[in-house]
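A.B. asks: Positions annotated as signal peptide by Swiss-Prot: 1-23. Look at Swiss-Prot and you will find C41-C58, C46-C68, C48-C73 tagged as disulfide bond, backed by similarity to another entry.
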Amino acid sequence: MNCYLILTVALLLTSAMTGTTTAGQLNKKGVTLREDDGFPCNAGNCACLPLDSYSYTCQSPTSSTANCEGNECVSEADW
């Protein structure tokens, strides 16, 4: 019984210490990307990660970024 407990704890610690994010990789600004790492918006738009969501929304670069994480909308060049 104790072996199963030790094995479970070891697996959980290994998983926690790998430093991976749930969505995969990070871009150069530290924003969590989608699994495919492709820019999610059409050319000319920027990707905003809303404060209350895990999915990016696309918007015009001139739109307000008040609801975006880090108060920024990431352009395709910065993705």
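Numbers here mean position along the shown chain, with the first residue as 1.
Cβ coordinates are placed from backbone N, Cα and C, and glycine is handled just like the others.
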A.B. asks: If you measure from the CA of C68 (disulfide bond) out to 10 Å, which disulfide-bonded residues from the list C41, C48, C58 are inside that radius?
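C.D. replies: If one measures from the Cα of C68 (disulfide bond), the disulfide-bonded residues that come within 10 Å are C48.
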A.B. asks: Select one residue from C58, C68: among these disulfide-bonded residues, choose the one with the most other Cβ atoms within 10 Å of its Cβ.
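C.D. replies: Answer returned by the neighbour count: C68.
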A.B. asks: For the disulfide-bonded residues listed here (C41, C46), which one has the lowest count of neighbouring CB atoms within 10 Å of its own CB?
C.D. replies: C41
A.B. asks: In Å, rounded, how far does the Cα of C58 (disulfide bond) sit from the Cα of C48 (disulfide bond)?
C.D. replies: 6
A.B. asks: Distance check, please: Cα of C46 (disulfide bond) against Cα of C73 (disulfide bond), rounded to an integer number of angstrom.
C.D. replies: 6
A.B. asks: Cα distance, C48 (disulfide bond) to C41 (disulfide bond), nearest Å?
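C.D. replies: Approximately 10 Å lies between the Cα of C41 (disulfide bond) and that of C48 (disulfide bond).
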